[in-house]
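Single-structure report; data block below.
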Ligand SMILES: N[C@@H](CCSC[C@H]1O[C@@H](n2cnc3c(=O)[nH]cnc32)[C@H](O)[C@@H]1O)C(=O)O
Ligand SMILES: [Zn+2]
């Protein structure tokens, strides 16, 4: 067994308590062996002095290759943004573009302490390949859109999503898991949903989709069907405890109860919801009802970065505004949502620093003006820390970044390729 010791730091425990301790990791199994003092010496050591060892952040909803479209189209609401700018540009994306965009996003994640994520996109084999090399953990899937396609095209899209979910589950030494990913209840037709959900269920494949993101998406369903979108989703068999939806902004009490009783996760994407003016998710109400809530960035074109520390702060701020209550969505709450909450939604044994859990960890450097004084480190994680404070990143027991040097990728080559591919893409899309 080869071991990794993360030594001499403070450690954030699952109950949100901070203690001085070392963390011993089984690097072969990729799990945490022990948290405490006087642990055995290890094959490799990471210095955490002056730092905080915390669970790696889990970005529970992303379109990682959209980093190539960062800053490409801003200041529009969802429908216009997708139809006028994003989808035409995505129509020009090649598999190489997706690979290059994914690498850029993965680099950004490693450098900001994110160790796992969920991703909906196309050219999924490229994303799997990039994740395998970068060393992160992910639940990936092919996003299905049928509305703009003929029957043959629609079926091909559905089939690709199901076959990708079957083929890549367990890839990258088990760090890759998959899901079937219909884009949303309004962009995938009912007959396709009915057939494909049954197929996914037969094979035990989890499902992830965008739900109740904007009123433009909710109203047509209510008008046409006389029921709420998540009631429709439930009838289709889309809400089980292995499924998770993105957004859940415009949900009523019936839908909140449905999510709680089915055990379906909701991924809150506060920055995307604010930027596209989609609305404010009732996060505190979801939590009070017992819904599993995680946090995600959404794609870099609607955020515009993949730094989960921003997302913690946004979630806390927006959650208070939505509840009209400054005590809602507290610092402890958002830290838990972005770690264990997201991991639970994705079905990963990550998001906590305790023996037996996946060794998916970040070490934050506390020696910075904006993290001084250290009255309350959980408060700092929620309100003051940023991705650039991360000193080391570890996933599955492997060191991905040591002293801010990313070990699994050539940082300057990734940036150079991304600039070049993004420029070519913009030219083709113009
Ligand atoms: N196979 C599909 C692609 C779906 S991937 C997932 C899609 O979600 C889009 N997307 C990104 N952010 C959001 C969001 O906030 N809401 C809805 N869709 C989004 C993204 O641009 C991408 O087209 C096709 O043929 O078009
Ligand atoms: Zn999205």
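Backbone N, Cα and C atoms are what each Cβ position is placed from, and that goes for glycine too.
Note that TrEMBL annotation is computational and uncurated.
Site annotation for Zn(2+) in TrEMBL covers 61, 63, 210, and the matching candidate from 288, 298, 305 is 298.
Same-site candidate for substrate binding, as annotated by TrEMBL with 90, 183, 298, chosen from 126, 152, 213, 332: 213. Ranked by Cα separation from residue 90 (substrate binding site), the binding-site residues 61, 63, 210, 298 are led by 63. Checking the binding-site residues 90, 183, 213, 298 against ligand 2 with a 6 Å cutoff on the Cβ atom leaves 298, in sequence order. In this structure the alpha carbons, written CA, of residue 63 (Zn(2+) binding site) and residue 183 (substrate binding site) are 11 Å apart. On a Cα basis, residue 210 (Zn(2+) binding site) lies 6 Å away from residue 183 (substrate binding site). Our reading of the substrate binding annotation (90, 183, 213, 298) yields a largest Cα to Cα distance of 21 angstrom.
Among the binding-site residues listed (61, 63, 90, 183, 210, 298), 63, 90, 183, 210, 298 have a CB atom closer than 6 Å to some atom of ligand 1, in sequence order.
Annotation note: residue 90 (substrate binding site) sits in a helical segment as assigned by DSSP.
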